[in-house]
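Notes follow the structure.
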């Protein structure tokens, strides 16, 4: 069995301001996020990970590095673009409220019709491409490490799309489950690299605080 531990990066300034970040946008991690990263690491401390894979985008990369510092066993950490955030084109850096006003049809698809969210109107990557690159990568890692624990550090939207693809769920089931909080841990396991089972979802118990809605963008 391969067990994947998926962690979303720490909260950033743009998360707090309710701005979209996307695959090319980025903002500083909040000072409080470094304490949260340490808590994630301590929560995962005793697990013997075969490898850590992280998005190369700074907010995820720094999160992965800080988590790794707390682990009892020190696995290799590799950066992979397949784990980067969904490209959001003209939405990146913009307030959610402004995007809703400027791109009403696309924003409605994002919120209510994910089967139609493909990003062409605003120069974004779209659901299909983002999901496929994530699923392809995770399945390849499962085949490479059939009896291992793997830590993945990525992004809110990319994790939501990708995990949904691994679970073979309808796209709108993402909204039913809700977003993934910053520095949350979600665990999926697989025996064959094709079929995945949820063992834990959006766990933030170790943070000892209520997650604000702004962290789930």
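Don't overthink the numbers, they just go from 1 along the chain as shown.
Note: Cβ is positioned from N, Cα and C throughout, glycine not excepted.
TrEMBL annotates 8, 9, 10, 11, 12, 13, 14, 15 as substrate-binding residues; of 45, 58, 59, the candidate listed for that same site is 59. In this view, residue 10 (substrate binding site) is surrounded by 25 other Cβ atoms within 10 Å of its Cβ, with every protein chain counted. Between the CA atoms of residue 10 (substrate binding site) and residue 85 (active site, proton donor/acceptor) there is a gap of 14 Å. Here the Cβ of residue 14 (substrate binding site) has 22 other Cβ atoms within 10 Å, regardless of which shown protein chain they belong to. If you measure from the Cα atom of residue 59 (substrate binding site) to that of residue 9 (active site, tele-phosphohistidine intermediate), you get 6 Å. You'll find the Cα of residue 8 (substrate binding site) roughly 11 Å from the Cα of residue 85 (active site, proton donor/acceptor). Long-range C-beta contacts of residue 9 (active site, tele-phosphohistidine intermediate), restricted to its own chain and to partners at least six residues apart, with a cutoff below 8 Å, comprise 29, 55, 57, 59, 60, 62, 63, 153, 154, 155, 182, 183.
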